[in-house]
Amino acid sequence: MPYTEAELIPLSALQHLLFCPRQAALIHVEQLWAENRLTVEGMHLHRRAHEATDELRGDTRIVRGLALRSLAHGLVGMADIVEFTPNDETRATTLRTTPLRGLFQAVKAEPAAWQVTPVEYKRGKPKSDESDRVQLCAQTLCLEEMLMVKIAEGSLFYGKRKRRTRVLFDAELRATTVAAAERFHQLFSSGVTPPAVYSAKCDNCSLISLCLPKIAGRGLAQQFLNRQFSLALSMEAPRSDPDDHEESA
Amino acid sequence: MKQHLNTLFVTTEGTYLAKDGMAVAVRMEKKTRLRIPLHNLDGIVCFGRVGVSPSLMAICGESGVTISMTDAHGRFRAAIIGYSPGNVLLRRTQYRVADDPSKSCEIARIMVAAKLANCRAVLLRAARDSRVESRRSTLTTAARRLVTNLEAARACDSLERLRGIEGEGASTYFEAFSAMVNVPEDAFQFTSRSRRPPLDPLNALLSFLYALLAHDARSACEAAGLDAAVGFLHRDRPGRPGLALDLMEEFRPFLADRLALSLINRRQISASGFTTSPTGAVNMNDATRKTLLKAYQVRKQKTMLHPFLQEKTSVGIMIHLQARLLARHLRGDVDAYPAFVWR
Ligand code: SF4
C-alpha cells in the first residue's frame, strides 16, 4: 500500500538506521540533533552540491539538488546530482534545447532512450557498512518511480578519494534498501527508542553526548544514588571542590 | 549542543542588540561597542531596558541561543527560544509523569534528597574551614539535623509531605547560614530567606544568583527537549518554570549559595555595594552586580568529574547533563533520575 505524503521519511534516515537504530530514533523520533565537526563538514559539501542548478557537459545534463520522493516506499529527499544521458543523436538535441521540466517529460515518455545516473557526494572515504549504497539506492527507487525509468547503476563520490565508485542496483541491494525503509517506518510509528548498546562506533557518533550509551539501558541509577547518598551521609566534608583549583573548562 | 556556555549579560540599560552577520552587535548610543559571534554563545540575558532587533531574535532562535529578558534585578520576564519541533513524545511522557502523583514523587524525592545532601555538604565544608568553635558546632548540628530530613525525603511517597520535608530542611539550613559568614559586617548577617523583596544584602545576592541559575536551568530543559514549565516537585503555576526550578534544587547550595558566601568571605563584595530603598528592599549597585555576574561565569567554567557519567565536565555543562539524564530517565533509558550529589 503506498504511503501518504505525511508519512514520508527522509532518505538520510536510512543511513542513520543502518549505522545505529537508536541513532535513527534519537534524530528522527526524538528529534535530537547534535552537530559535530563531521556533520558540519557534510552540510557544507551538500550546500555546495545543492546550490547549483543544471548544467550541460558534452552529451550529459547534470542536474543538481533534485527533489525526490517515493510514495511506494515512503521516502523523500534530495539528490546531489543526477546525470541524464541520451542514447542517440536526436535525443541529444532534446537534451541540449529543452528546459528541465520538458526533459523530465521526454524521459518519462521514452524511458528506454535515456540513461539516468544518480551520483552522491560523501565526505571522507568509503564506509565499511553499506549505508552509502543503500542511500543511493533509495534515491534510485525515488527516481525510478518519478521518471518511470529503470536505473541499473549510479555512483558515489568520496571527498577523500576524489573519484567515483560505481554502485550496481542489483536485486540484493534493492531488497536491503526496501527492508531498511520498512524497518524505519515501523520504528517511527512505534515511537520507541531502542536501548543503547555501547560499541566502538559510538565514539564516532555525533549523538553520543545525548544518547549516553554507557549508562542507558542499564539499571544503574538507583544503585548509584544509594551509594552516593550513603557516602554523602558518612562524609566529614566534601572532597571535590571546584574552588580548590583554579583550572577552567 | 553547545559546549561553551558563554552567556552574554547585558546590564547597561538603553543598550540595543542587533544582528551583524552571524554575530551580535552590542550598541550603545548608536555605536557598536562589541561584536560577539553567535557560535560562541549559549545564551543572552538582558537586564532591564535592553532592546533586541527582530532579526537577532530570529537568528538566535535558529541557532539555539536563548534570549532571556529580566528586570533590573534579574527577575525573569520573558524568553525568546527557537521553535523546538522535537520531542513531543518526551513532552507527553513528562506531562503523564507530572499528572501522576506517585511517579512525580519518585523523581521529586530524589531531587529533594540531593538538594538536602548538597546543603549538608555546604555546611560541612564551611565547618571544616571555620576556626571558630561555636560556629563549627552550629554548622555540624544543622548538618546532623539534615540527615534526618534527607532520610525522610528518600522514603517519602507523598508530594505534599515531601514539600514539607523540603521546607523543614531549608529552614534548618538557612538558620545556620550566618555561621558560614566570616566577615564581621552586620550587613551580611542573615536571619531568614526573604525574596519579594530581598530585605538584606545576602538575600539580594541569593535571589540574583537563583535567577541566573533559573535561566540556565530553563535553557538546559529546553535544550534537552523538556518543557521547562511543567515540574514534578514544583506545582504548575502560570509564568513559573516548574521543571527548571526542580532541576535547580540540587545546584542551589553548591553553585549559588557557596558562591555568595565565598564572594562575601573573600571580601570581593562588601556592604557598601548595596542600597536600601524606602520600602526596605535591598538592591545591588552596578559594580556589585558585575562582580557577581563575572564570578558566576567563572564558577560555571570550573571543571569537575560528573559522578554518574564519570566524565570530566564543567559546572555549567553539569546542568545540561542533568537535564538530559532526566529526559533519558523519562524515556525509560535510565532506571532512576541520577541527581547530582556533591561529595
Ligand atoms: S552513541 Fe552509540 S548507541 Fe548511541 S546513537 Fe550513537 S552509535 Fe547508537
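Each Cβ is built from the backbone N, Cα and C atoms, and glycine gets one as well.
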Taking B:E151, B:E249, B:E250 as the options, which does TrEMBL list with B:E166, B:H234 at the Mn(2+) site?
B:E249
According to DSSP, which of helix, strand or coil covers B:H234 (Mn(2+) binding site)?
coil
Would you count the other CB atoms within 10 A of the CB of B:E166 (Mn(2+) binding site), including those on all shown protein chains?
21
Given a separation of at least six residues and a C-beta threshold under 8 Å, show me what packs close to B:H234 (Mn(2+) binding site) in the same chain.
B:R240, B:G242, B:L243, B:L245, B:D246
Quick check: with B:E166, B:H234, B:E249 left out, which same-chain residues have Cβ atoms within 8 Å of the centroid of the Mn(2+) site Cβ atoms?
B:A108, B:M111, B:V112, B:K115, B:R163, B:L233, B:L245, B:D246
Using a 10 Å cut-off, grab the number of neighbouring Cβ atoms around the Cβ of B:E249 (Mn(2+) binding site), all chains included.
24
